[in-house]
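Feature annotations, courtesy of TrEMBL:
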TRANSMEM  20-48  transmembrane segment
TRANSMEM  73-101  transmembrane segment
DOMAIN    76-295  domain 'ABC transmembrane type-1'
TRANSMEM  121-141  transmembrane segment
TRANSMEM  147-165  transmembrane segment
TRANSMEM  196-213  transmembrane segment
TRANSMEM  219-236  transmembrane segment
TRANSMEM  248-266  transmembrane segment
TRANSMEM  278-298  transmembrane segment
Amino acid sequence: MRSEKSLEEIRRIISLHKRLDLIFMITGIVALMIAIMTFMALFAHMLIDGLPRLSWEFFTSFPSRRPESAGILSAWVGTTLVMLVTAAAAVPLGVGSGIYLEEYAPRNLLTEIIEINVTNLAGVPSIIYGLLALGLFVYQLGFGQSILSAGLALALLILPIVIVATREAIRSIPITIREGAYALGATKWQTVSDHLLPYSAAGILTGIIIGLARAIGETAPIITIGALTFIAFLPPSPVKNEFPFVSFEWLTAPFTVMPIQMFNWVSRPEEAFQLNAAAAGLVLVIMTLAMNGLAIYLRYRMRKNIKW
């Protein structure tokens, strides 16, 4: 009799857990569908308003006070140059810091404090990085309101993302890889460069691209350091016709970026400028989705050839 009651109690508990699992699954599906539908609604709205404005002239024309002739040439060129500086600064610093914290740093209180703060920095509002860049890069170091200051500001913003992604990618590698390398007499650097980095490259690259995808849409740090809202010229070209064929004058040039150009158009009362902003937003969303898609594709292709 007692065993029958115990069996009935077990069945009741199992049935309850199954119902809870079903409720949790349905809740998750509903939340996912709400998020997807919200994004699709916003994307469809931009597509309907902005698609008619997309043309070759829209990409090759400067901003103008006449909405029908305005374009995003200076904005997308400025965005590209700022992203080059951001990647050049954030990738080596972020990957190097992640490798050091995961493989070389001693396990003590100071290291734990640094790790916690690096993780927390990923959640700091972007305006804080803009204020830091304004005081440090614009005024103290004298870089001015330039592409260099903007790129370094966004590099600070995505640095925690790259560091955390690097550490997680290295941490996911089985310990047997390290032990096998050490057993064959490999040094710490040989283990890192010949074994850990090749196996973790997919995760590191994914983190870098996701970080850049976040930076490309940031507005607050760029506005804080004084980016122009209207600019009808391009920075100097990085390529020269004379030796050494490379110029760095563009680093100190004034600039604008896609989000600021959108902000400028949205603030105008004319409806035609609102359509221009929708078209620019559509381009920015497609660029961001393309970068995230590239990250997923590269991670899949690189991990496909990895066998533990």
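A Cβ is built for glycine as well, from the same backbone N, Cα and C atoms used for every other residue.
Just so you know, TrEMBL annotations are computer predictions that nobody has curated.
Among the recorded stretches 73-101, 121-141, 147-165, 278-298, the one sharing the largest number of Cβ pairs closer than 8 Å with the transmembrane segment (20-48) is 278-298.
Tertiary proximity for the transmembrane segment (278-298) is limited to same-chain residues at least six positions away from its ends with a CB under 8 Å from its CB atoms, namely 43, 45-47, 49-51, 53-54, 58, 72, 75-76, 202, 205-206, 209-210, 212-213, 216-217, 258-259, 261-262, 265. Cβ atoms under 8 Å from those of the transmembrane segment (196-213) belong to residues 83, 86-87, 90-91, 94-95, 98-99, 103, 158, 161-162, 164-166, 168-170, 172-173, 177-178, 288, 291-292, 294-296, 298-299, 302-303, 306 of the same chain, restricted to positions at least 6 beyond its ends. Long-range Cβ contacts of the transmembrane segment (147-165) within its own chain (Cβ-Cβ under 8 Å, at least 6 residues beyond either end) map to 78, 81-86, 88-91, 93-95, 97-98, 101, 118-119, 121-122, 126, 129-130, 132-133, 137-138, 203-204, 206-208, 210-212, 214-215, 218, 221-222, 224-225, 227, 235, 250-253, 255, 257.
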